[in-house]
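Record features (TrEMBL):
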DOMAIN    78-218  domain 'Vitamin K epoxide reductase'
TRANSMEM  126-154  transmembrane segment
TRANSMEM  166-186  transmembrane segment
TRANSMEM  192-215  transmembrane segment
TRANSMEM  227-245  transmembrane segment
Amino acid sequence: MATFTYLLSSPSSSALFSHQKHHLHDDPLPSSPFFPTQLKSDYWGYGRQVLGRVKCLNESNDDVEAKTSLLSSGSVTGVSLYSWCAGLGGLGFLETSYLSYLKLTGLDAFCPVAGGSCGDILNSGYAAVFGVPLPLIGMVAYGAATFLALKLAAKDLPFGIDESKGALVLLGTTTSMATASAYFLYILNTQFPGASCSYCLASVLLSFSLFFATAKSLGWQKIREEVGLQFCIAGLVFAALSNSYSASALPPPTRFGEKFLPYSPTEIKAPSSPLALKLAAHLRSVGAKMYGAFWCSHCLEQKEMFGQEAAKLLNYGECYPDGFKIGTPLSQECKEVKIQGFPMWVIKGQVLEGTQDFPALAKASGFEAGDFSGELAELAKLSAEANMQP
């Protein structure tokens with residue numbers, strides 16, 4: 001004796017029929033105990049497709065509900081797609097946790113493929129966004145995706161969020177991750193041609209797999225409905241990354257191609273003002289240090305701000321003392337201070353990234369302006385006005 005269960009999208013979502021006397025037309029049902037079928041609107045009048053299954057009487061209700069849930073949420077080899085998402089997110093979380101630990105401790109990553117170029121990429125200026133290490137951001141993103149996927153798989157979402165909204169949050173998370181991965185893949189191919197990074201490629205594979213698994217679990221119809229939201233998220237991620245990298249002077253390897261650029265000290269011709277001389281001497285006395293690269297235009301701009309005589313007083317660290325080409329590692333000193341872009345100042349333990357004006361350097365170093373107070377105040381005013389301009 002068998003019972004037929006049909007799942008409808010109408011308010012009356014199930015109907016039970018006893019297979020003793022009732023028949024659906026004269027077509028015999030398959031002998032399989034569990035089968036999907038479709039019924040046309042002739043039988044129901046709803047004009048919708050209906051998913052049907054057979055329940056034998058010796059099968060418990062819990063088994064029926066579990067299998068029906070599996071059908072509705074999608075599955076791969078008996079495992080729900082949300083569980084696959086959780087597994088992929090967990091792998092990404094482990095990888096980025098390892099890289100975050102290395103970044104925070106200053107250790108070099110073990111690179112099974114491509115040798116030293118892997119470490120150079122992971123320690124480059126592109127390995128941070130707004131000063132935050134990229135692996136740390138990835139760890140948070142993968143952790144959030146894993147948490148959401150586990151909760152969706154268990155149908156136990158926090159804060160009273162229903163499954164549809166939880167799935168949209170997961171879609172937004174994986175969309176941002178896939179967009180960021182595509183951006184970094186472009187950076188890898190254009191800024192580091194010929195180099196390889198197994199960790200970077202693994203993260204790209206995991207993030208795109210997460211996105212497609214989430215999309216499949218939602219269904220492509222739902223994805224099409226939310227395409228506007230996805231484009232907005234992708235645009236915001238792209239804008240944030242572009243703004244972060246344009247804010248600091250990062251190495252532009254494509255400008256040099258494969259050509260080796262020998263080291264040559266920068267030449268400053270402008271004379272130094274009395275304020276520049278006094279501030280430079282003070283910065284040196286408190287142990288302040290500027291880090292830069294000989295080919296960096298922003299570093300040259302910073303030195304020209306001090307002038308010829310004062311620039312010679314600055315405590316300066318060159319990050320490429322032996323010349324530069326694609327894949328050239330930073331000097332050990334620059335690695336130790338975890339430099340993210342050029343120029344970078346370290347003043348009394350405080351890190352200042354980018355070109356700094358005199359008021360900012362004076363404030364960070366505790367400079368007593370004395371007779372130059374009015375000049376510093378005027379410079380601060382001009383700097384504030386410049387920053388307010390679009």
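Backbone N, Cα and C atoms are what each Cβ position is placed from, and that goes for glycine too.
Automated prediction, rather than curation, is the source of TrEMBL annotations.
Since we're looking at a predicted model, the values are computed, not measured.
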Field: Recorded stretch, among 126-154, 166-186, 192-215, maximising Cβ pairs under 8 Å relative to the transmembrane segment (227-245)
entry: 166-186
- prompt: To what whole number does the mean pLDDT across the domain 'Vitamin K epoxide reductase' (78-218) round?
  reply: 85
Field: the domain 'Vitamin K epoxide reductase' (78-218): DSSP-derived helix, strand, coil residue counts
entry: 109 helix, 6 strand, 26 coil
